[in-house]
């Protein structure tokens, strides 16, 4: 199918009976006919009140900026809480890729570039409850947060019009991992190790960045292209949530074959994702799930009490190392279950040939971008970061804590290097030091939480013009509608950046009409230019 929003061919978690998946052939047949698929309800965090719009001052220039920030008087969308936009003005919607309960996914073409993407159009009529809207917001927030990770389908943007909310994502032309499995029947150990490594990398990155996926299964991994060695891309974060310290999750979600025992017991955390990944690995190696029955209740009972079968064919011919990893991933006690980070170091995955492909994680990519920014842009991002709501920075606190291993409240050079290495980035000590110097705006020798937030702002946080307006007005002290040279020098002097060279660099880069000052249009262009993730 190739789109980044697949149909969900699962057994609903609450009712109904199901067929035993005795073989991959049976599963392929069941999947390939007219069996109805259901769309996952899109999901995201509770937003609360509409965004606050800052006072704009009395000048006509400031008033014009305020009108621009409110979308030029355009109607605000109730779901995304920003000015509504016609997605068809930006993208041409082409053939339908799939449809379901909440909407339809189309192949689409960006009018400005000709690039192809997948667009999921969610009907607002189906978002009847407040929780439905909250779910959509949470999914978008999580997709934005994970933007830039190599094994996660890239999120392009969300748009709202009168009838729909549209989510535009990377188009993955290679189809589903599920279809690749059913076509092959089973994988060689080396092939399975490569796939498992990609899946565990996704799990590790999600957990490191403060997200639990909660619906890992082969259908939710697409291949970037039809090539045999095409990378996997994780999709469908509609059931995902941000990790909250100390919170125990109780709602039963997921897909029957892949759900962890503690989920059925309504007492679980991020370890449930490891169980689901272990089930996928088991299927990769033998073609059938480790726990099955004729009914959903039977499957759940098997998950809770049955032992994993390693005695029937083909398991006697599969290496003990592979079986050891599966046992550790399918340990019934989540506290004794292997973590994603530990699993990636398991000897079976190492024996399978660890990938030597260099990875730029979203964290490293964003820090590199921050380092390359001019000083005004760095300070403007700091203003925006300080005004983001708790909902907008969910996940970032978990990322910061995962790097701040000694819980000092700051990230040292060594902690930064270790954290980037854990995310798969290969980086020299010299480059780490340069990143540290760029992100450490107050030159304290370490990165505090505010500085970390500033560097981690992704491109999607620059979509709301009220945030850009607030940042502009922070520097435009006299509400003239311009940032003058004196105002620029004053702002930069607070952080020891007010030397002539830095000021000249900013004006040369940003002041397009060369009038010696920066207007709002020039400021917005600077802020949105060059941020890729």
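Positions of Cβ are set from backbone N, Cα and C atoms, glycine also.
According to Swiss-Prot, the feature Ca(2+) 1 binding site maps to 404, 406, 408, 410, 415. Same-chain residues at least 6 positions away in sequence with a Cβ under 8 Å from that of residue 408 (Ca(2+) 1 binding site) are, in sequence order, 446.
The Ca(2+) 2 binding site annotation in Swiss-Prot covers 440, 442, 444, 446, 451 and rests on sequence analysis. Long-range neighbours of residue 442 (Ca(2+) 2 binding site) (same chain, six or more residues apart, CB within less than 8 Å of its CB): 448, 451, 495.
The Ca(2+) 3 binding site annotation in Swiss-Prot covers 476, 478, 480, 482, 487. Remark: residue 476 (Ca(2+) 3 binding site) has 482, 483, 487 as non-local neighbours, by Cβ distance under 8 Å and separation of at least 6 in sequence.
Look at Swiss-Prot and you will find 26-38 tagged as compositional bias 'Basic and acidic residues'.
Residues or ranges marked as domain 'Protein kinase' by Swiss-Prot: 91-349.
Model confidence over the domain 'EF-hand 1' (391-426) stands at 83, taken as the mean pLDDT rounded to a whole number. Taken from Swiss-Prot, the feature domain 'EF-hand 1' applies to 391-426.
What Swiss-Prot lists as domain 'EF-hand 4' is 499-533, and the listing cites sequence analysis. Using a Cβ-Cβ cut-off under 8 Å and counting only residues 6 or more beyond its ends in the same chain, the domain 'EF-hand 4' (499-533) has close neighbours at 61, 65, 68, 147-148, 362, 365-366, 369, 372-377, 380-381, 458-459, 462, 465, 468-469, 471-472, 481-485, 488-489, 492.
According to Swiss-Prot, the region 'Disordered' annotation covers 1-77.
According to Swiss-Prot, the region 'Autoinhibitory domain' annotation covers 354-384, on the basis of similarity to another entry.
Distance from the CA of residue 404 (Ca(2+) 1 binding site) to the CA of residue 444 (Ca(2+) 2 binding site) is 16 Å. For the binding-site residues 410, 446, 451, the greatest number of Cβ atoms within 10 Å around a candidate Cβ is found at 451. Taking the mean position of the Cβ atoms of 404, 406, 408, 410, 415 as the Ca(2+) 1 site, the remaining same-chain residues with a Cβ inside 8 Å of that point are 403, 405, 407, 409, 411, 412, 446.
Spatially, by CA atoms, the binding-site residues 440, 478, 480 include one closest to residue 406 (Ca(2+) 1 binding site), and that is 440. Burial estimate for the binding-site residues (404, 406, 415): highest at 404, by number of other CB atoms within 10 Å. Each of the binding-site residues 440, 478, 487 was scored by the number of other CB atoms within 10 A of its CB, and the lowest score belongs to 478. Residue 440 (Ca(2+) 2 binding site) sits 10 Å from residue 410 (Ca(2+) 1 binding site), taking the C-alpha atoms as the reference points.
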